[in-house]
Amino acid sequence: MKLVDLTADLQALLASPNVHHNLSAPKLTEKVISRNEGTLTSTGAVRATTGAYTGRSPKDKFIVREQSTENQIDWGAVNQPISEEAFEKLYAKVVSYLKQRDELFVFEGFAGADEKYRLPITVVNEFAWHNLFARQLFIRPETDERDTQAQPFTILSAPHFKADPETDGTHSETFIIVSFEKRVILIGGTEYAGEMKKSIFSIMNFLLPQQDILPMHCSANVGEKGDVALFFGLSGTGKTTLSADADRKLIGDDEHGWSDSGVFNIEGGCYAKCINLSEEKEPQIFRAIRFGSVLENVVLDEKTGEADYDNSFYTENTRAAYPIEMIGNIVQPSIAGHPQAIVFLTADAFGVLPPISKLTKEQAMYHFLSGYTSKLAGTERGVTSPQTTFSTCFGSPFLPLPAHVYAEMLGHKIDEHGVQVFLVNTGWTGGGYGVGERMKLSYTRAMVKAAIEGRLNQTDMTADSIFGLRSPVHVPGVPDEVLQPENTWSDKQAYNEKALFLANEFKENFKKFSHADSIAKAGGPLV
């Protein structure tokens, strides 16, 4: 199928009389209720459930193998290839399916808060609540801002359309397929709205480096003096909690680009985890869940419509989507200067990484490529033991290009702008999980505050002999003995054994980066 034919099909679909273009949040909310797609909560938010899929489906994600991009993609388990022929057949089926719907909902907006680098996007939805999600998550145009000269990336979302693996070349009835050449994303067989968000992020992770912009899976905030801080970290490391700071304004909570001008948010909204949410712990998120926001897979009280955030009946991965303006203390537009500090967050359940370390450029590249944290997994007898988790660049599922591309860009920008980089362990101290205790949040906040305010740039440091990490000997508000993990363990031999174990885990994981020997030697464990 030629691009001109595909474009004509798409234009015909968008011109259909059953298509609603750019409905407001109130109108979309009306549609959600009248179409029985969801219910209103006691605060006026829309609540929808997603059926069998309550999270992303990475094994069902494909990139079309096309001549123009074939040699750029890092093909493998994350970026699975699918043929152009299979894509075109499935595209025709999805378009035909959507044409037969009674109603369709279209959002036309952008990804990228910096006007110089933003990407026009068109989202075509079978569900009204999905369109409300897209409207609140991406960047909404002010008046008629869309540049008609730039061809948008188009998402065709058909949750009730199911693929046939035998004839369609998919692994299951579910599919998320990206064609960079055709600028189309097909999503079918899943009602999980997060697939739309992360598909656009994957697109930006491919396009932005071509403009010498580093795409990043991180949160970002800025102080009164314009000092920008970035926070990288996998789930459970405290990224959301630590980047929400009353003394600093939020740039964005999840996806950013770093250009020659500075940092910009890729999105116009937030997609926050809701499990165990409370007004006391996270007041900004709690108060943002009101009319215009979307709750996904959250249990409601049948009589009152109140959300039960502690209930994981549908999934632990309960979510809220809302425009960033719904929380206070933000930067508008979501753009700021170059970062002064970068914080890599890890929750080390083995209790051997220092609570805070200042990294060299090579160590920063090493830990960026590693993307380490640990998770607690239950065993048959109910005992939990830590497991190492590594996610390249803290965002492995969303990286179409080889990892070294992103790491080298980071190293260059650290050099160019003199950025201070810190590794912060929000995990265990005084022993591993089951022996020690979780690092006190007040200590972590004090360390992060000192780091991003530049108060650790000239302080005395001491280096450990296993990881080669340099830690401050003193941080205001934190007991000195806590800063050196070995000192908090009563059994020094046990500490040494566990530290050597984790160092070896790092080295084993890093073997997949065959191109990065120099980084491993200069930035990895010493043993």
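Yeah, the Cβs are placed from backbone N, Cα and C, and that goes for glycine too.
Quick look at what Swiss-Prot lists:
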- Arg56, Tyr192, Lys198, Arg319: substrate binding site (BINDING)
- Lys198, His217, Asp254: Mn(2+) binding site (BINDING)
- Lys198, His217, Gly233, Leu234, Ser235, Gly236, Thr237, Gly238, Lys239, Thr240, Thr241, Glu282, Arg319, Thr444: ATP binding site (BINDING)
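Just so you know, the Cβ of Asp254 (Mn(2+) binding site) picks up 24 other Cβ atoms within 10 Å once every protein chain is counted.
In the three-state DSSP reading, Gly233 (ATP binding site) counts as strand. Neighbour count (other Cβ atoms within 10 Å of the Cβ, all protein chains): 22 for Lys198 (substrate binding site). It is 16 Å from the Cα atom of Lys198 (substrate binding site) to that of Gly233 (ATP binding site). In sequence order, the binding-site residues near Asp254 (Mn(2+) binding site) (Cα within 10 Å of its Cα) are Lys239, drawn from Tyr192, Ser235, Thr237, Lys239, Thr241, Arg319. Shown in sequence order, Lys197, Phe201, Glu255, Gly395, Phe398 are the same-chain residues outside Lys198, His217, Asp254 whose Cβ sits within 8 Å of the Cβ centre of the Mn(2+) site.
If you take the CA of Ser235 (ATP binding site) and look 10 A around it, you hit none of the binding-site residues from Arg56, Tyr192, His217, Arg319. For the pair formed by Thr237 (ATP binding site) and Arg56 (substrate binding site), distance between Cα atoms is given as 20 Å, rounded to the nearest Å.
You'll find the Cα of Lys239 (ATP binding site) roughly 16 Å from the Cα of Arg319 (substrate binding site). Cα-Cα distances to His217 (Mn(2+) binding site) place none of the binding-site residues Arg56, Tyr192, Thr241, Arg319 within 10 Å. Summary of the substrate site environment: with the site residues Arg56, Tyr192, Lys198, Arg319 set aside, the chain residues having Cβ atoms within 8 Å of the Cβ mean position are Gly55, Ala193, Gly194, Glu195, Lys197, Tyr271, Asn317. Ranking the binding-site residues Ser235, Thr237, Thr241 by how many other Cβ atoms lie within 10 angstroms of each Cβ puts Ser235 at the bottom.
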